[in-house]
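*Asks:* This is the structure I want to talk about, given as structure tokens.
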Amino acid sequence: MAKYTREDILRIVEEENVKYIRLQFTDILGTIKNVEIPISQLEKALDNKMMFDGSSIEGFVRIEESDMYLYPDLDTFVIFPWTAEKGKVARFICDVYNADGTPFEGCPRYNLKRVLKEMEALGFTDFNLGPEPEFFLFKLDEKGEPTLELNDKGGYFDLAPTDLGENCRRDIVLELEEMGFEIEASHHEVAPGQHEIDFKYANAIKACDDIQTFKLVVKTVARKHGLHATFMPKPLFGVNGSGMHCNLSLFKNGENAFFDPNGELQLSDTARHFIAGVLKHAPNFTAVTNPTVNSYKRLVPGYEAPCYVAWSARNRSPLIRIPASRGMSTRIEVRSVDPAANPYLAMAVLLAAGLDGIKNKLTPPAPVDRNIYVMTKEERLAEGIVDLPATLAQALENLKSDEVIVSALGKHLFEHFVEAKEIEWDMFRTAVHQWEREQYMTLY
Ligand code: GLU
Ligand code: MG
């Protein structure tokens, strides 16, 4: 059921003295875009008449077809907790439509809805996501530019006084709560300067909207504390990087379809098929879940990030872990995803991979309960454990070879994503890095 009607919105903005409306959407690379309109334009926006120039958005459309429309999703209406001088600011998250009134294929949010329809055709009602985004806080310099200086020496679950980021994190949590987030946990992560805030799971669209809002709030509040928050996957060599573990489950009419009290590990066949599908396609969807050059510096042994394709109900080195809770909270935790991923695209490919497992009744390999980091390549091969791609270039080649994943993105998103990412890889490949000079300058 819809949360707000048009009349509710008009009444609330009046009562709350909202003066500006932000219409938000996400581009292919996962960046939030935002058009701010004065309240006088609200009715026009609610009539889906807000036009923008799609050709100025990365990977959207060419100049010739540039008129696009934003259709606000009324349920995403939120008033920001901060007040502008002349009144409050509220926002809607929007889907992007073509001038002829058809949904725009290149809109990541719309695309996820399209894949969700495929799930519904198989009889499931919800795809739920509980994300665990991690991030680093770095100090800002006098000019307001981020430095590489951390503001604490804390470690996992540490408390002040080592954790100076704690005040900042607490403010972030308060602000998120004011915006309606249900925060489940907030703690220092393993690396100095690294934090994690977990919020309650929701259906995939809402959870992705929440991730986008979350990143915006974290960055805004950090700045007020003289800090720069980054979701870059591996900002520092030699310590943990930042992941965004995704807890996933399928529901059927309010029942968790992954739970079977009589199944092995109390997992249903549906859960097993889903796991098998995710494992099968993992090397090929990694370009989407780990979309930057830097993402692959995180997926290396020894830093709690997965680099091999396996699953386990016990330890944390595999790609998929099954957290201990059962019943309604039965879920799989996909540990490879990083917070640089466009969440809508990441969910589309994960869901498509899992559904492929369900449709084809795929069986997962046996769970691996050993620490995979310490196994030799031969031992891994003997257990059928393959590697995740080691570079963005490899990941893109894999992506192109997988029809299931390509069709989860749709033609437009697939082509524009690959094009943008190949340029990114090429820029990295041809740049001369500091590491090379350190290695070779005096040697040769
Ligand atoms: N930071 C680790 C990663 O890169 C995860 C740590 C954890 O288990 O929460 O995925
Ligand atoms: Mg964590």
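Cβ atoms here come from the backbone N, Cα and C positions, even for glycine.
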*Asks:* Among GLU182, GLU196, indicate the single residue that TrEMBL lists for the Mg(2+) site containing GLU132, GLU134, GLU189, HIS245, GLU333.
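*Replies:* Candidate in the recorded Mg(2+) site: GLU196.
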*Asks:* To which of ARG223, ARG331, ARG335 does TrEMBL also attribute binding of L-glutamate at the site defined by ASN240, GLY241, ARG298, GLU304, ARG316?
*Replies:* ARG335
*Asks:* Identify, among the binding-site residues GLU184, GLU196, the residue whose Cβ has the fewest other Cβ atoms within 10 Å in this structure.
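*Replies:* Comparing Cβ neighbours within 10 Å for the binding-site residues GLU184, GLU196, GLU184 has the fewest.
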*Asks:* So, by DSSP, how many helix, strand and coil residues make up the domain 'GS beta-grasp' (16-101)?
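*Replies:* Breakdown, helix to coil: 15 helix, 50 strand, 21 coil.
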*Asks:* Other than GLU132, GLU134, GLU189, GLU196, HIS245, GLU333, which residues of the chain come within 8 Å of the Mg(2+) site, judged by Cβ distance to the Cβ centroid of those residues?
*Replies:* PRO133, ASP198, GLY243, MET244
*Asks:* Which three-state DSSP class does TYR373 (O-AMP-tyrosine) fall into?
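*Replies:* The three-state answer is helix.
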*Asks:* Go through the recorded positions GLU184, LYS200, TYR201, GLU333, TYR373 and pull out the ones with a Cβ less than 6 angstroms from some atom of ligand 1.
*Replies:* none
*Asks:* Please list the binding-site residues from GLU184, LYS200, TYR201, ARG316, GLU333 whose Cβ falls under 6 Å of any atom in ligand 2.
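*Replies:* Correct list: empty, so none.
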*Asks:* Within 10 Å of each Cβ, count the other Cβ atoms, then let me know which of the recorded positions PHE199, TYR201, TYR373 comes out lowest.
*Replies:* TYR373
